[in-house]
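**Q** Dropping the structure in here first, questions after.
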Amino acid sequence: MAIVLGPHQYGKAENRVVRIYRDSPRHEIHDVNVSTALRGAFDPAHLVGDQSAVLPTDTQKQTAYAYAKEKGLTSIEPYGLELARHFVDDVEPVTGARIEIEEYAWERVVVDGTEHDFTFVRRGQEVRTAAVTVEGKGDAQRTWVVGGFKDLVLLKTTGSEFHDFLTDEYTLLEPTSDRIMATSLEAKWRFDSAALESAALESSAGFDWEGVYAGVKQTMVEVFATLHSLALQQTLYEMGKAVLERFPMIVELRMSAPNKHHFLYDLAPFGLKNRNEVFNADDRPYGLIQASVLRDDAPAAGAAWDVAGGFA
Ligand SMILES: O=c1[nH]c(=O)c2[nH]c(=O)[nH]c2[nH]1
């Protein structure tokens with residue numbers, strides 16, 4: 001038996017880069033958490049401690065900050081593309097790079113009815129995400145971009161049912177035709193890599209990353225609100241389908257939705273009727289419903305979903 005080195009990668013995780021645009025009195029802020037991971041011929045570092053091919057994780061960090069100025073940091077997808085392509089194209093031993101980014105949104109405070117130029121309040125809603133993977137050099141290079149969000153907490157007070165489910169001797173759940181539906185939605189959408197390779201997607205100027213993000217989020221929120229739901233599973237599928245119908249550059253969407261249970265509280269001991277008015281918001285355990293929706297002619301996903309390489 002011989003011991004061999006398996007897949008490996010290394011990088012700087014969670015660089016907290018804050019980029020301010022202050023070229024006019026009205027400042028802009030972009031607040032991100034960016035993690036880099038490089039793949040390639042790094043076996044000697046593991047096997048014999050030879051660092052000659054290892055671009056330090058500190059350098060990767062410095063690059064993330066330098067690029068926020070040199071290349072700009074507005075939409076997170078093109079910022080991730082710049083970083084990933086730089087590592088693969090310009091650093092000889094690197095054959096693949098994965099850049100994962102979270103963005104924390106700020107909105108302007110309002111003073112005397114006017115938006116303030118340089119003071120912001122953290123927006124309590126979702127965290128936007130992006131994951132860019134670049135593999136291979138030159139003509140063989142392939143690129144995958146996944147946009148997304150997490151922690152989008154949604155709740156509807158009616159318009160949700162759950163009944164006619166399979167039962168066995170352990171089933172206690174009562175069917176319901178009117179319940180609260182709530183979740184903290186995570187969604188990730190894979191852009192068409194072929195479209196990415198076209199010139200239009202090369203720069204943030206050439207592609208409306210912000211518009212797509214806002215549109216996907218709004219589409220999902222609208223479906224959550226308007227679909228009379230028979231199960232969270234159905235809601236997820238309809239949300240994903242609507243996104244693919246409206247956004248031709250997206251080929252696949254993956255969703256993860258904890259079912260944030262709201263149990264009707266028993267007020268009978270107090271002689272009170274509870275007509276879906278008072279609930280216990282339970283935090284655990286929770287149902288966890290996960291689904292993906294894709295075009296039947298979607299190109300192969302390749303390394304798009306290879307989140308952090310699948311390492312522990
Ligand atoms: O929307 C739901 N899907 C389920 O699979 C499920 N299971 C459960 O107990 N409640 C629910 N709700």
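Every residue, even glycine, has its Cβ placed from backbone N, Cα and C.
Just so you know, TrEMBL annotations never went through curation; they're auto-generated.
Got these off TrEMBL a minute ago, pasting:
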ACT_SITE  Lys12  active site, charge relay system
ACT_SITE  Thr57  active site, charge relay system
ACT_SITE  His261  active site, charge relay system
BINDING   Thr57, Asp58, Phe162, Arg179, Gln233, Asn259  urate binding site
BINDING   Thr57, Asn259  O2 binding site
BINDING   Thr57, Phe162, Arg179, Gln233, Asn259  5-hydroxyisourate binding site
**Q** When the Cβ positions of the recorded positions Thr57, Phe162, His261 are compared with the atoms of ligand 1, which fall under 6 Å?
**A** Phe162
**Q** If you measure from the C-alpha of Thr57 (active site, charge relay system), which of the recorded positions Phe162, Arg179, Gln233, Asn259, His261 fall inside 10 Å?
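**A** Close recorded positions: none.
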**Q** Nearest to Lys12 (active site, charge relay system) by Cα, among Asp58, Phe162, Gln233, His261 (recorded positions)?
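**A** The smallest Cα gap between Lys12 (active site, charge relay system) and any of the recorded positions is with Asp58.
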**Q** If one measures from the C-alpha of Asp58 (urate binding site) to the C-alpha of His261 (active site, charge relay system), what distance in angstrom results, rounded to a whole number?
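**A** The Cα atom of Asp58 (urate binding site) is 44 Å away from the Cα atom of His261 (active site, charge relay system).
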**Q** Considering all pairs of residues in Thr57, Phe162, Arg179, Gln233, Asn259, annotated in the record as contacting 5-hydroxyisourate, what is the maximal C-alpha distance expressed in whole angstrom?
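**A** Across Thr57, Phe162, Arg179, Gln233, Asn259, the widest Cα separation comes out at 50 Å.
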**Q** With every protein chain in view, how many other Cβ atoms are within 10 Å of the Cβ of Lys12 (active site, charge relay system)?
**A** 19
